[in-house]
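In TrEMBL this protein carries:
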TRANSMEM  28-54  transmembrane segment
TRANSMEM  66-86  transmembrane segment
TRANSMEM  93-113  transmembrane segment
TRANSMEM  142-161  transmembrane segment
TRANSMEM  181-200  transmembrane segment
TRANSMEM  206-227  transmembrane segment
TRANSMEM  363-383  transmembrane segment
TRANSMEM  403-422  transmembrane segment
TRANSMEM  442-461  transmembrane segment
TRANSMEM  481-501  transmembrane segment
TRANSMEM  522-540  transmembrane segment
Amino acid sequence: MESGSISVDGEAQLCGTTKTKHGGWITFPFIIATLAGLTLAGGGWLSNLIVYLIDQFHINSIDAAQINNVVSGCTSLFPIVGAIVADSFLGSFAVIWISSIISLLGLLLFLLMATVDGMRPQNCQNDSSLCATTPSKTQYAMLYLTLTLVCIGLGGSRFTLATMGANQFTKAKHQETHFNWYFFTLYFATVIASTAIVYVEDNVSWAWGFGICIMANVLGSIIFLLGKKYYYYDTPQGSPFTSLAQVIVASFRKKKMALSSQSPDYYYGDDLQKKIDELPTNSFRLLNKAAVKIEGDILPNGSIAKPWNICTVQQVEDLKTLFRILPLWSSSILLSTPIGIQGSLSVLQALAMDRQLGPHFKFPAGSLLVFTLVTTAICLSLFDRFLWPTWKKIFGRNSTPLQRVGIGHVFNMASMVVSALVETKRRATAHSHHIQGSDMVALSVLWLVPQLVIVGIGEAFHFPGQVALYYQEFPSSLKSLATAMIALVIGIAYYLSTAVVDLFRRVTTWLPDDINNGNLDYLYWVVAVLGVINFGYYLACACLYEYKNIDKAETDEMNDCTETLTVKN
């Protein structure tokens, strides 16, 4: 990260870091510490969920992986609900605070299930699978209630924190620095949760592991409240979706009306400068009819008579922005789907491999994805310090979000190819040693590391790139939704990965409960081919896309800092 960016010095103030007397870098430690605490709390249960379901609820491995994908999808879909509530009604602060309380309630239920015998199936006393009891309906109900609460809590706070943090700044450079630190902290805290807390759950007790999660949740919530007097608070403006719907309705009602080439014929609201200088853009021209004024649309005082008959040009342009970015957003779904498939199935592969590292340490299967997280966290730091400054020196300008996402696509495809090759070797080793059932394959779990490292490098490119693109290009009334769009992508991708695994499980013999008798590598090859096709689709969308705000933000920032240097000299 840029070391000079997080100090409250004269240069930061002159370059316009703060919006008002509230906000700015003084809020940064509170938001980042809150993110760290809540991520530790969420990662502590989510990282080891597959193992928990198999070990404590006696659910078979493929079903546990499917449940894990559904839960991961929920934690990524709930941010959309949180974003809508934050933008429309409560604001980001209230959504984060309420979500942290809901998360705490879910973690307390996890602790109860770990300590009260009647709330979970009885464990085997002789390590025989024949003695395992299946969960009762009540136990299933308690499990699903707990998962619902922790999903709402984690999903409602995680990406809303990203929006609230970015809202503390006005300059795109500072917002991008915030996003880099946000993702670094997110991944670093998840690494700790996936190693230290998972180790406690596997080797001490589930109760102690969930207890640590509770303490992290409480600490993060307290730190968040301590920064209350320093925050810049975004003001909810009502549902932005109503405004967007009005554009569609108004343009439909005026579908037979001819478009005008004169700016006075359009309604600009309070934006008088645009009324003089600019016409609506030519893309999606039929929507421009929603802003054409006819008799009876405007009251004598200049306000709108019927909001479902006429809209401002800004409303029209906001809807066009969403339409323009939608194809790019859709390409990210198949970018994230392979990550969901790889993440859950890698845990199953690890359970069937030799996890003994040294004479006294057995690597927890639930911690396997830590290699992805560590790689991404390291890359985010290195990129910001070395790669992007070097890029600017070579090409004369900053890398664009679309370029970063495109590079991420390439690494993602490469990871799936490596996954297929490693699984081919793992299965061949199992067959050569006649491994069946729960016996371990004489192949180290470290063979799975390269594919996870490659996908981690890709994530360091495409996740921050997507967040920066959505946040800077989305309308100002949809800023919380902008950062949550990446969560929606991940959520849909997890559900899609669940559907893909279930489909191949039903129509092929590739995914039996004993993966040593299957062809998991075939699935990885199919996913790799789909990635190539999706990359072609992405390139087509990226070539056709025109930035609305990013280039302007870079120009404004250069002008501001040039004026600052002139004043100082």
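Quick reminder: no glycine exception, Cβ is built from N, Cα and C everywhere.
Of the candidate ranges 66-86, 142-161, 181-200, 403-422, 442-461, 442-461 contributes the most Cβ pairs within a distance under 8 Å of the transmembrane segment (363-383). Here the transmembrane segment (403-422) has long-range neighbours at 328, 332, 335, 338-339, 342, 346, 447-448, 450-452, 454-455, 457-466, 468-469, 521-522, 524-525, 527-528, 531-532, 534-535, 538-539, 542, meaning same-chain residues at least 6 beyond its ends whose C-beta is under 8 angstroms from one of its own. Contacts between the transmembrane segment (181-200) and the transmembrane segment (28-54): present, as 3 or more C-beta pairs lie under 8 angstroms, all at sequence separation of six or more. Taking every listed stretch (66-86, 93-113, 206-227, 442-461, 522-540) in turn, the largest tally of C-beta pairs under 8 A with the transmembrane segment (28-54) is reached by 206-227.
It is 66-86 that, among the stretches 66-86, 93-113, 142-161, 442-461, forms the most Cβ pairs under 8 Å with the transmembrane segment (481-501).
Packing against the transmembrane segment (442-461) from elsewhere in the chain are residues 183, 339, 342, 346, 349-350, 353-355, 357, 363, 365, 368-369, 371-376, 379-380, 383, 404-405, 407-412, 414-416, 418-419, 422, 425-426, 429-430, 433, 435: each is 6 or more residues past its ends and has a CB under 8 Å from a CB in it.
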